[in-house]
Amino acid sequence: MVSSTWGYDPRAGAGDLVITTTAAGAVTIAVLLFQTVCGDCGPPPDIPNARPILGRHSKFAEQSKVAYSCNNGFKQVPDKSNIVVCLENGQWSSHETFCEKSCDTPERLSFASLKKEYFNMNFFPVGTIVEYECRPGFRKQPSLSGKSTCLEDLVWSPVAQFCKKKSCPNPKDLDNGHINIPTGILFGSEINFSCNPGYRLVGITSILCTIIGNTVDWDDEFPVCTEIFCPDPPKINNGIMRGESDSYKYSQVVIYSCDKGFILFGNSTIYCTVSKSDVGQWSSPPPQCIEESKVPIKKPVVNVPSTGIPSTPQKPTTESVPNPGDQPTPQKPSTVKVPATQHEPDTTTRTSTDKGESNSGGDRYIYGFVAVIAMIDSLIIVKTLWTILSPNRRSDFQGKERKDVSK
C-alpha cells in the first residue's frame, strides 16, 4: 500500500520529496512543505555586537535588505558591511562580525586639531594612535608630543599642551595717552586706549590680537590723542581781559577786571575745561561790569531787642522832692542810680568803593533810637520815685522830723 502525506522534515530542504517504508512494507511518499511562506526569509539573523534596524517590518520578501547598528561601546569596522539580504531560497545572505570595540572620537583641543588623515575615521580599535597639529595662532613646542593612543579601557591617553599662543607685536607708545594691557599681548588678548586730560581719542578704544594670514597681529590701527581747544573767551563791556592768546588749551586761564567806576559781578577768573563729549568749553560764563551808581545798595538792618538788661552804667540822676505846705528844710538828697540802656554792637556790613566813607545815615538812625530809649527809661524812673514819695510817705517823714525838733 502506498500513501502520500505533506509534512516537514528538518533534515531535508524545503520542497524535497521524501519516501519512507514502514515495517509492514507500506511505502509513504511525502512532499515537504516550506518552513516559511514562499518568498519570506523570516526574522533577520543575530549578529554579534549589533542589532537590526527593523522599524515596523515583520515580513521580508525576496531581495529585502536589513541594516544593523553597533551596540554601545562598539564601532563598525571600516570596509565591512552591516547589511544582510533576503535571497531567493528564503535564506539571509552570509555575514561576518562587523562591530568591534573602539574608542570614541578623539578629544577636541582648544590649541590643536587632528591631522587631516584622521578627519573621516570613526573606528578606533585599541592601540590606534592619532596625531594633532597646532591651530592657527599657536606654535608647537618641539619638546612635547602631539600624539594620543586608544587604551585598553577604550579611553584616549592625555595630550600635553604642546602648542603655545603666538604673540602680537609690542604696542607702540600712545602720545598724550595711556595703553591698558590687562592680559598681555598673546593671541586672543585685547588692549584698551585712553587719552590724558585735555586730549580727545581719535580712533577705536580697543584692538584685538587675532590671526592675520599665517601669523597673528592687531586687528586695527592704533588711535591717536589730539589736543582739545576752547573757543575764544567772550569779551565784556566796560572791562578788560588778561591772558589772551591765539588759542586756548585745556586748563588755560583768563582773568577779567572792570573799568574805573564799575563793579564786577560774577567770576573774575574762568578756565578752559572739557565737556562729557570731549568738547572744549569755559568753566563758567564771563562776569559783568555794572556802573556803581546803578548797583542797588541794601539798607542796613538793625536788630533792636524788645527787652534787655542794661549793662553800661551812666551818670547817676539826683532829684530832691519838697514837702508841700512847709518851708523847705535842708534834707539829705536821695540819690538813684539809673543804668543806661544796653547798646547792641553794630553788625551791619557797609560796602563802598571808598574805604574811608562811613554810613553816617545809619549811625544817626541808631544814635537817635538809643536816645529815645534812654528818655523812656528816665520817665519810668521818675514815675517810680514819685510813687515812693507819695503823700502818706511824706506825712510820716514830716512827723518824724517834728518829733526830732521838740527834743
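In case you wondered, yes, glycine gets a Cβ from its N, Cα and C as well.
Other Cβ atoms within 10 Å of the Cβ of Cys41 (disulfide bond), summed over all protein chains shown, number 24. If you look up Swiss-Prot, you'll see Cys41-Cys86 (among others) marked as disulfide bond.
Non-local contacts of Cys99 (disulfide bond) by the CB criterion (under 8 A, 6+ apart in sequence, same chain) comprise Ile47, Pro48, Asn49, Ala50, Tyr68, Cys70, Asn71, Phe74, Lys75, Gln76, Val77, Asn82. As annotated by Swiss-Prot, disulfide bond applies to Cys70-Cys99 (among others), with the evidence given as sequence analysis.
According to Swiss-Prot, the disulfide bond annotation covers Cys103-Cys150 (among others). The number of other Cβ atoms within 10 Å of the Cβ belonging to Cys103 (disulfide bond), over all protein chains shown, comes to 21. Reduced to three states, the DSSP call for Cys103 (disulfide bond) is coil.
Classification of Cys163 (disulfide bond) by DSSP places it within a strand. Within the same chain, residues at least six positions away from Cys163 (disulfide bond) with a Cβ under 8 Å of its Cβ are Phe111, Ala112, Cys134, Arg135, Phe138, Arg139, Lys140, Gln141, Gly146. Residues or ranges marked as disulfide bond by Swiss-Prot: Cys134-Cys163 (among others).
Taken from Swiss-Prot, the feature disulfide bond covers Cys168-Cys209 (among others). Counted within 10 Å of its Cβ, the other Cβ atoms near Cys168 (disulfide bond) come to 23, all protein chains included. Reduced to three states, the DSSP call for Cys168 (disulfide bond) is coil.
All chains included, 20 other C-beta atoms sit within 10 angstroms of the C-beta of Cys225 (disulfide bond). Reduced to three states, the DSSP call for Cys225 (disulfide bond) is strand. According to Swiss-Prot, the disulfide bond annotation covers Cys195-Cys225 (among others).
Annotation comment: Swiss-Prot describes Cys230-Cys272 (among others) as disulfide bond. Classification of Cys230 (disulfide bond) by DSSP places it within a strand.
Residues or ranges marked as disulfide bond in Swiss-Prot: Cys258-Cys289 (among others). Counted within 10 Å of its Cβ, the other Cβ atoms near Cys258 (disulfide bond) come to 21, all protein chains included.
The domain 'Sushi 2' feature in Swiss-Prot is assigned to 102-165; the stated evidence is sequence analysis.
The domain 'Sushi 4' annotation in Swiss-Prot covers 228-291 and is backed by sequence analysis.
Per Swiss-Prot, signal peptide is recorded for 1-39.
Marked as topological domain 'Extracellular' by Swiss-Prot: 40-368.
Residues annotated as topological domain 'Cytoplasmic' in Swiss-Prot: 390-407.
Among the features that Swiss-Prot reports, transmembrane segment is placed at 369-389.
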Nearest-integer angstrom distance between the alpha carbons (Cα) of Cys195 (disulfide bond) and Cys272 (disulfide bond): 17
Rounded inter-Cα distance in Å - Cys230 (disulfide bond), Cys209 (disulfide bond): 37
Proximal residue to Cys168 (disulfide bond) among disulfide-bonded residues Cys86, Cys103, Cys225, Cys258 (C-alpha distance): Cys225
Listed in sequence order, residues with CB under 8 A of Cys150 (disulfide bond) and six or more positions away: Ser102, Cys103, Phe124, Pro125, Val126, Gly127, Thr128, Ile129, Trp156
Under 8 Å by Cβ from Cys209 (disulfide bond), same chain, sequence gap 6 or more: Ser167, Cys168, Ile185, Leu186, Phe187, Gly188, Ser189, Glu190, Val216, Asp217, Trp218, Asp219
Three-class DSSP secondary structure - Cys41 (disulfide bond): coil
Which same-chain residues, if any, lie at least 6 apart from Cys86 (disulfide bond) yet have Cβ under 8 Å of it: Asp40, Cys41, Phe60, Ala61, Glu62, Gln63, Ser64, Lys65, Trp92, Ser93
